[in-house]
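Listed features, source Swiss-Prot:
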- His54: active site (ACT_SITE)
- Glu71: active site (ACT_SITE)
- Cys122: active site (ACT_SITE)
Amino acid sequence: MGSSEQELKAIVKDLGCGPYFLGTYDKRFPGFVSPHKLACAIVNTAGRETGGVHWMAFAWNPHSKTCYLFEPFGFSDQRLKQVYQFEYESLLRRSAIASSPDRCITLEKSTQSVQGPNSAACGLFCCMFLHAFANWPQTPMDHNPTMNLITGVPNSMLNSPQVQPTLRRNQEQLYSFLERHSPYFRSHSAQIRSATSFCHLKNM
């Protein structure tokens, strides 16, 4: 089941990302068009008409001309295309053309897995990343108090029994973080935890 757009918007607002948050989008996200403003969004790999498949977060720092792509499994571009039929090149081209005079931007992409293979918490991990971006836009991926709460593992080991305790701890840290910072999450904790549980996809 995972997270609904309504839930993600409410949590992101609680986390103080409102001034920069453009919204939740399906795979047709148009990219970042403002040349001077910090901006971020949560984007699904599928069309809205499908009900959605997997959430990722995009963020734009105009000062460093850097576009961040946070994808909780840390899949390669090839794997994203293989698993979700998702490509983001056109999004980057549109962002570069609109937001950078020389049409040149840097892409920084997550490459490690922080989410368990059967977890449905991708949207919640995206909210956590956007909190890091809103507070530490120069280093949102790591080396900040928010993302330091979780530990990445090599994507090649995503399904390895060896790393499942680490990935489970990540999800527990995620829930604890949201309990502390999001009144919406606290009010709907049982429902959200059930819909995003560590073994949710395995039990479907």
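Keep in mind that glycine also has a Cβ here, set from the backbone N, Cα and C atoms.
The structure displayed is predicted, hence computed values, not measured ones.
Sequence features, as recorded in Swiss-Prot, placed on the structure.
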{"residue": "His54", "record": "active site", "DSSP (3 states)": "coil"}
{"residue": "Glu71", "record": "active site", "DSSP (3 states)": "coil"}
{"residue": "Cys122", "record": "active site", "DSSP (3 states)": "helix"}
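Using a 10 Å Cβ-Cβ cutoff, Glu71 (active site) registers 31 neighbours. When the alpha carbons of Cys122 (active site) and His54 (active site) are compared, the span between them is 7 angstrom. Within 10 Å of the C-beta of Cys122 (active site) we count 25 further C-beta atoms, all protein chains included. Counting only the Cα atoms, the space from Glu71 (active site) to His54 (active site) is about 9 angstrom. Residue environment of His54 (active site) contains 21 other Cβ atoms, counted within 10 Å of its Cβ in all protein chains.
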